Amino acid sequence: MRIVREQGLEAKIADVVEATIEGAGYRLVRVRISGLNGMTVQIMAERPDGTMTVEDCETVSRAISPVLDAVDPVDREYHLEVSSPGIDRPLVRKSDFETWAGYLMKLETSRLINDRKRFRGKIVEVSDAAIRVERDQPAYGEPSAMEIPFDAIGEARLILTDELVAASLKADKAARKGRGEPEEPSEESGSDPSGLH
């Protein structure tokens, strides 16, 4: 279950596509809308093992396109883009925080925690209700470790580091080997071949 959720139109789109994505054997990571070069609806998804290939993106796109066309949650023309979370991925589930414990991340809270809303550091502990972050650059007089409740997290994502890249490549290689696929990854984003909706 995702603990970090969208708001507004993004939430409406997530509600429309999440069951279809899960029915196809994938997990919804997040929905984002951008207005550059027309409207783009980005659906970020992954396999349960955290990987995602171009072919997977195409599969998800083909599954959700008819659902979006039928429900029509967006009142204007848009371009649908389905992509993987990438290496510096958003953290949206408790399991994401557990998987990436020990790695550098940044997060923004929806309310003040010790007089601040932005935090950066390593995930050092994950409980049922919160994460504990060892901050890498606390201000003078501030505690280096912070407990942040899941219900206060507005957005969280990993920060690209050499250690994260190495761990991500190793995990991807192991997942591909476990599925009997070639160990060389393909490009990790795709879009609906028909383009506009």
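Any Cβ shown, glycine's included, is placed from N, Cα and C.
Residues or ranges marked as compositional bias 'Basic and acidic residues' by TrEMBL: 171-182.
Look at TrEMBL and you will find 17-88 tagged as domain 'Ribosome maturation factor RimP N-terminal'.
If you look up TrEMBL, you'll see 91-161 marked as domain 'Ribosome maturation factor RimP C-terminal'. For the domain 'Ribosome maturation factor RimP C-terminal' (91-161), the DSSP counts in helix, strand and coil order read 9 helix, 39 strand, 23 coil.
Taken from TrEMBL, the feature region 'Disordered' applies to 171-197.
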- [ ] Would you mind giving the whole-number mean pLDDT across the domain 'Ribosome maturation factor RimP N-terminal' (17-88)?
- [x] 94
Task: Same-chain residues near the compositional bias 'Basic and acidic residues' (171-182), Cβ under 8 Å, at least 6 residues beyond its ends - done: 47, 49-51
